[in-house]
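Undergrad: Sharing a structure here in structure tokens format.
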């Protein structure tokens, strides 16, 4: 059978289910594919297939993730669902599957539980911009007041972590009913349809990488006699055009220069775009003025920083990480984009040590500046071996 052509005519949005174990994330994921296949004609995926999620490697970390796709009237959704709590932690911190919005699944019968809270906190830390709530198993709750109470609890919890709790859409229903094609009191199929319509309206269309301000991590520097200095790398976002000013940020004082040429596969171009590997010729910049690990950016868009708070996952021994815990004052290398910089770790109040396999918030102070923004991913390494993964939660200075 020939592969179907990937339709580019609908905007593409990445979502995922989050929430406490056994509250119905995977059932809802399967129900979404079923309802969308009937209403909008996308493919249906069964529960068992999603539940036995394949292993993936992201930054050397093993993560089990199931990817499904479904369509609404106006969009194409790529949806991630993880079987275990540890998989969520790793997934969100490494950014293996970055979400434009999350569906928080909470059982109406149980209310918010520890992982409900933890997933909301993680979403805040790693920069998931929007959360929509599906209050599941509502067919098991006869008391309308109880439903209202759970809804209030969820709203309070969202507000605690700086999400707009009062304005967050909450859909009440039963994923299992929808999966089985039932719809008593509009709690099954109708509720899931309502959820998809909510995703369409509440989660804005993500800005495409090409529309964001230009940024290219520098991987290599060459000097070409008679032409000047060329830096190479893969354009992360935006577009660089000839004769535009750019800044070189990180590791040293920020320098301004001008792009005088863009080359790709030995061909001269007028511009380099997001996703392309290219060489950028810099006017008046000497070979020794630039090094791997710096970034080329649109002037004024990204600043160099040394201190930030981060959410970090520490690899377990089985994943090839450390065999022993670390303590405050730990000084590993932080690998940002293309280079390592040594940094000092401050642990939260009352935390004495961090065990392999833990996730932890920490404050890091680097010995050199790095071009960084909230949401930037990094690896933690010791002598070239990855021992952790993290994301910048908030830049401090």
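Numbering starts at 1 and runs along the chain as displayed.
Cβ coordinates are placed from backbone N, Cα and C, and glycine is handled just like the others.
These numbers come from a predicted model, not from an experiment.
Feature list, courtesy of Swiss-Prot:
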DOMAIN    10-207  domain 'tr-type G'
REGION    19-26  region 'G1'
BINDING   19-26, 81-85, 136-139  GTP binding site
BINDING   26  Mg(2+) binding site
REGION    60-64  region 'G2'
REGION    81-84  region 'G3'
REGION    136-139  region 'G4'
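Would you situate these features in the structure and describe their surroundings?
TA: Counting same-chain residues at least six beyond the ends of the region 'G1' (19-26), those with a Cβ under 8 angstroms from any Cβ of the stretch are 47, 50-51, 66, 81, 83-85, 104-107, 110, 112-116, 119, 136-137, 175-176.
Following the DSSP three-state reduction, the secondary structure of residue 22 (GTP binding site) is coil.
The Cβ of residue 26 (Mg(2+) binding site) lies under 8 Å from the Cβ of 17, 47, 50, 51, 66, 81, 83, each of these being in the same chain and 6 or more residues away along the sequence.
With a threshold of 8 Å between CB atoms, the same-chain residues lying at least 6 positions outside the region 'G2' (60-64) that come near it are 53-54, 82-84, 87, 90-91, 94, 96, 313, 315, 319-320, 379, 386, 389.
Same-chain neighbours of the region 'G3' (81-84): 16-17, 21, 25-26, 29, 50-53, 63-66, 68, 91, counting only residues six or more beyond its ends whose CB sits under 8 Å from a CB of the stretch.
Along the region 'G4' (136-139), the predicted structure has mean pLDDT 97.
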Undergrad: What residues, ordered by sequence, lie under 8 A Cβ-to-Cβ from residue 22 (GTP binding site) and sit at least six positions away in the same chain?
TA: 107
Undergrad: Ranked by the number of other Cβ atoms within 10 Å of their own Cβ, which of the binding-site residues 82, 138 ranks first?
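TA: Its Cβ has the most other Cβ atoms within 10 Å: 82.
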Undergrad: DSSP three-state call for residue 82 (GTP binding site): helix, strand or coil?
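TA: It is coil.
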